[in-house]
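Participant: I am attaching a structure below and will ask some questions about it afterwards.
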Amino acid sequence: EGFSSVKCFLSLYRFQACVYFASVFQAMSCGIHYLASVFMAVTPNFVCGFPGNVSSVLFHNSSASSMEDIWTLWTSTDNYVVVQLENGEIWELDQCSRSKREVSLDLAYEFKGNKSVFPCSDGFLYDDTKWKSTVVTQWDLVCDREWLAKLIQPMFMLGVLIGAVIFGDIADRLGRQRVIWFTSAGQFVFGIAVAFTFDYYSFMIVRFLLAMVSSGYLVVAFVYVTELVGIKARTWASMHVHAFFAMGVMVVALVGFLVRTWWVYQIFLSIATLPFVLCCWMLPETPFWLLSEERYEDAQKVIDTMARWNKVSTPCKVSELCSVQQHDLASGRAGDDDTSSTKKHNILDLFCNWQIARRTITVWLIWFTGSLGYYVFSLSSVNLGGNEYLNLFLMGAVELPSYIIACVAMDKLGRRNTLIPFLILSALMCVLIMFIPQDFNILIILANMAGKFSIGVAFGLIYLYTAELYPTIVRSLAVGSGSMMCRVGSVVAPFCVYLRSVWIFMPLLLVGIMALLSGILTIMLPETLGKPLTNTLVEATEMGRNKKSCSEKTPPAHSGALEKIELFAQERVSTDK
């Protein structure tokens, strides 16, 4: 059924298909910038610099004439290197300090005599065998400045959080089209500007702005494609925005493998979606937003354009739709004495009673866990051993089938019955990884891919499930607050990954606990498959208490002009075809 919906969408809705693929193509850029720091902020092996020209280098029992020959032997951060300078001085070089041997006639690795300890005032020597340059080596973000490097990804995610709020509101006020124009151009401009920043602080500021516009685009793109595609393909279309994001992660791995200088790497990533930036001005505004702003003539022009592209001989008229909406509103006022629909609602309405409050807490936890697990698995992929570029590529590639499975399972098994096993499976994968010997790199990578797959299914499903769990009067508020918890999870995820320094499995343990708890609490959520959307909090509460009678007693929401565009258009298309 799902695949036939997509086929119908591609064949009958040519205009929507073209606009859809153009819009989601730019979602790759969001995936690119979200994960770019995985290779951009790599900290290679390093030691303290030395004052002068070196004549010989000693590392344990191996000697060499330059530091470049020593890096292949480096195995631990506890190692140190002994160098003899041309003036005869012998220095021991640690990562964050250096010691000068006071009296030493022979060059030996072990030394029991007196040593004078000095700070690294001559900078640092970095292993450039893998990366010629990173932001860490560019601005010496090591030792007492290491915390600055660890702030790069969390600050980006903070920009993601703020950008989602700001641009989501602007899109409602000024329209989806303008925000898509601005954020698309912003991703390109700020992405290139990052490569030419002159110090750490300007780098962080520009990256923060880049995060805001990237997040803004992704949020508005979801709304944009949802409002343009037909009802039959809406689930698949919205779900596969995630798939293009995953393709962006795969692009990061590919460019990281080919380009090893951070600013060149950033430029290549930024121009990856340049074709969309050049043609995004051709995207139309959605009829939904135009009608909500009472711009009926503009809405009619867009509808007529859609009809020409789709070869519909009798396009729907805005005047007909508006008359239907007025009739619905009049009948709604006459038949409904509940004034809650006109009441101003706030976040407290999501906790109006114990049933809804428990539902909200569970949904928020799932949003948080999905985001936390997604970024922990993605950011940790470069530390799994083997080829870090291949690891990240596979972590992105495994998402593609996960969204297909999510689309099929949620329509066959139900939303809750799909969510529960995949959340618990992701928790089991986290536990399994802890028991795999560290020498079994391939098995570890496969287990991480299975964990990312499971989290991907849950993460993609929760968007639609949240919208179905809440009534019309607070639905946008519920999805928005859940999305906010998702952003909080993405901010926390980098700090969670840094806990590897405490215990190598600490990030997986935290994700596993959160996923298991989320899976158990999801059991108490009602199933929404095949049930009409609720209108009031009373109906939503009743859905949780009496699952069997809910579908019979709850009437469908009134359909206004905005909803009837899709129904009317589909009837005309099916008639013509």
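One is the number of the first residue shown, and numbering goes on along the chain from there.
Glycine residues also receive a Cβ, built from the backbone N, Cα and C atoms like all the rest.
Whatever TrEMBL says is automated annotation, not expert-curated.
Annotations per TrEMBL:
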type     : residues : note
TRANSMEM : 12-36    : transmembrane segment
DOMAIN   : 72-530   : domain 'Major facilitator superfamily (MFS) profile'
TRANSMEM : 147-167  : transmembrane segment
TRANSMEM : 179-198  : transmembrane segment
TRANSMEM : 204-225  : transmembrane segment
TRANSMEM : 237-257  : transmembrane segment
TRANSMEM : 263-283  : transmembrane segment
TRANSMEM : 361-377  : transmembrane segment
TRANSMEM : 389-410  : transmembrane segment
TRANSMEM : 417-436  : transmembrane segment
TRANSMEM : 442-465  : transmembrane segment
TRANSMEM : 477-497  : transmembrane segment
TRANSMEM : 503-525  : transmembrane segment
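Where in this structure would I find these features, and how exposed are they?
Facilitator: Outside the transmembrane segment (204-225) by six or more residues, the chain places 19-20, 23-24, 26-27, 29-30, 33-34, 151-152, 155-164, 166-168, 170-171, 176, 179-180, 182-184, 186-187, 190-191, 193-194, 197, 237-238, 241, 245, 286, 463, 483, 487 with a CB less than 8 A from a CB of the stretch.
Nonlocal intrachain contacts for the transmembrane segment (389-410), taken as residues 6+ away from its ends with a CB within less than 8 angstroms of a stretch CB, comprise 2, 31, 35, 38, 235-236, 239-240, 242-243, 246-250, 252-254, 256-257, 377-378, 381-382, 418, 445, 448-449, 452-454, 456-457, 460-461, 464-465, 529.
The list of residues near the transmembrane segment (442-465) in space but at least 6 beyond its ends in sequence, with Cβ under 8 angstroms from a Cβ of it, reads 222, 235, 238-239, 242, 246, 363, 366-367, 369-371, 373-374, 377-378, 380-381, 384-386, 391, 394-395, 398-399, 401-403, 405-406, 409-410, 415-416, 418-419, 422-423, 425-426, 429-430, 432-433, 436, 479, 482, 511, 515, 518, 528.
Here the transmembrane segment (477-497) has long-range neighbours at 150, 153-154, 157-158, 160-161, 164-165, 168, 215, 219, 345-347, 349-350, 360, 363-365, 367-372, 374-376, 379-380, 462-463, 466-467, 469-470, 506-507, 510-511, meaning same-chain residues at least 6 beyond its ends whose C-beta is under 8 angstroms from one of its own.
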Participant: Which residues of the chain, 6 or more past the ends of the transmembrane segment (503-525), have a CB below 8 A from one of its CBs?
Facilitator: 358-359, 361-363, 365-366, 368-369, 372-373, 376-377, 380, 416, 419-421, 423-424, 426-431, 433-434, 451, 455, 458, 469, 496-497, 544
Participant: Let me spell it out: take the transmembrane segment (179-198), skip the flanking residues so only those 6+ beyond its ends count, and list any with a Cβ under 8 Å from a Cβ in it.
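Facilitator: Distal contacts: 23, 26, 29-30, 33, 167, 170-171, 206-207, 209-210, 212-214, 216-217, 220-221, 224, 263-264, 266-267, 269-271, 273-274, 276-277, 280-281, 283.
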Participant: Same-chain Cβ contacts of the transmembrane segment (237-257) under 8 Å, 6 or more residues past its ends?
Facilitator: 9, 20, 24-25, 27-36, 38-39, 218, 221-222, 225-226, 229, 265, 268-269, 272, 378, 389-393, 395-397, 399-400, 403, 406-407, 456, 459-460, 463-464
Participant: Please compute the mean pLDDT of the model over the domain 'Major facilitator superfamily (MFS) profile' (72-530).
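Facilitator: For the domain 'Major facilitator superfamily (MFS) profile' (72-530), the model's average pLDDT rounds to 85.
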Participant: Looking only at residues six or more beyond either end of the transmembrane segment (417-436), which have a C-beta under 8 A from one in the stretch?
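Facilitator: Result: 366, 369, 373, 406, 409-410, 443-444, 447-448, 450-451, 454-455, 457-458, 461-462, 465, 505, 508-509, 511-513, 515-516, 518-520, 522-523, 527.
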